[in-house]
Amino acid sequence: MLQTLYDYFWWERLWLPVNLTWADLEDRDGRVYAKASDLYITLPLALLFLIVRYFFELYVATPLAALLNIKEKTRLRAPPNATLEHFYLTSGKQPKQVEVELLSRQSGLSGRQVERWFRRRRNQDRPSLLKKFREASWRFTFYLIAFIAGMAVIVDKPWFYDMKKVWEGYPIQSTIPSQYWYYMIELSFYWSLLFSIASDVKRKDFKEQIIHHVATIILISFSWFANYIRAGTLIMALHDSSDYLLESAKMFNYAGWKNTCNNIFIIFAIVFIITRLVILPFWILHCTLVYPLELYPAFFGYYFFNSMMGVLQLLHIFWAYLILRMAHKFITGKVKALSKPSEKHSEGEEAAAGGGAKSRPLANGHPILNNHHRKND
């Protein structure tokens, strides 16, 4: 049964063009081809990334945060209360007025004391400014290095300038060590992001982030063993080109450098729109949708790859909408500072419990919207 499923999964007609088999991609004459087994190394590498991240945040990001006067803030803790804690964990973090009155009777506290307990309890669960800064520092470092490395891998390749050369000789295209390590490191990093997503700062677009990470892992993995490597390197470098700008803007935001943050955010928005909504659909997607059909009839792998690309493109449109909405509010003066519009909490309560670095109109990395930001609990 398992062998049958295995054989069917690796059936050549699923992943390769007609009249080609996996035997055509076996190493010979000094030429090395991509293999699915190459990807096994990415799981231990992902664990290594998590270890490196731990020490980076401890010995690099934390001292850097101290230099920028970003510190852990002491928060008032909610006193132990079994009744309120049970409701908090099972029913919700923000009880309605009727529920507050019921909890007041059950706990022997006044309604105001119940509300205050829930405020403090929510603050306990919210990520600190320092935690956010550490995470942004780690991602900034990786994305910047990955972008530079990615450009070094592809800038001297003919298909970087002529998209039709992406498919020249496909799929009999051998790999080189720089492509191998670029793929393994990128895939390992996204595995590490997926492994740590539950413990990282939770964002408003949490579900979209999971979809993005899964789609990216599938795309990188498939493009490797189906030998879409030339297209894959272009796509990965394109994505890394704007991500480090966003993370650096967030770092300056958490440090209270509002003008620097806003200027970098504007640059990020421009780069994001150009790369994700112009270059990706009209150059890269055109390359993966149109040019292969000039060589081979469409096959399952062709549809699968481009479907995953479609999922990523929809996510880019969603994020572009959020970015443009934020930029519009900034330009029209409805927001005093910029940050990525997908963080989980407005953090008004945390600001009330003890602000962040310097005096700022930001609530833990978030802009305070005039007349729209909810009142601090």
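Placed from the backbone N, Cα and C atoms, the Cβ positions cover glycine too.
Cβ atoms under 8 Å from those of the transmembrane segment (45-68) belong to residues 130, 133-135, 137-138, 141, 184-185, 188-189, 191-192, 195-196, 255-256, 357 of the same chain, restricted to positions at least 6 beyond its ends. For 45-68 (among others), the entry in TrEMBL reads transmembrane segment.
Per-residue confidence over the domain 'Homeobox' (71-128) averages out at a pLDDT of 84. If you look up TrEMBL, you'll see 71-128 marked as domain 'Homeobox'.
For the DNA-binding region (73-129), the DSSP-based tally of helix, strand and coil residues reads 36 helix, 0 strand, 21 coil. Positions annotated as DNA-binding region by TrEMBL: 73-129.
The domain 'TLC' annotation in TrEMBL covers 131-332.
Residues or ranges marked as transmembrane segment in TrEMBL: 140-160 (among others).
Per TrEMBL, transmembrane segment is recorded for 210-229 (among others).
According to TrEMBL, the transmembrane segment annotation covers 264-291 (among others).
Residues annotated as transmembrane segment in TrEMBL: 303-324 (among others).
According to TrEMBL, the region 'Disordered' annotation covers 340-377.
Long-range Cβ contacts of the transmembrane segment (264-291) within its own chain (Cβ-Cβ under 8 Å, at least 6 residues beyond either end) map to 163-164, 166-167, 228, 231, 234-235, 238-239, 241-242, 245-246, 248-249, 252, 305-306, 309, 313, 316-317, 319-320, 323-324, 326-327, 330, 338-339. Panel annotation: around the transmembrane segment (303-324), residues 205, 208, 211-212, 215-216, 218-219, 222-223, 226, 228, 235, 268-269, 272-273, 276-277, 280-281, 284-285, 288-289, 340-342 of the same chain, lying at least six beyond its termini, place a Cβ under 8 Å from a Cβ of the stretch.
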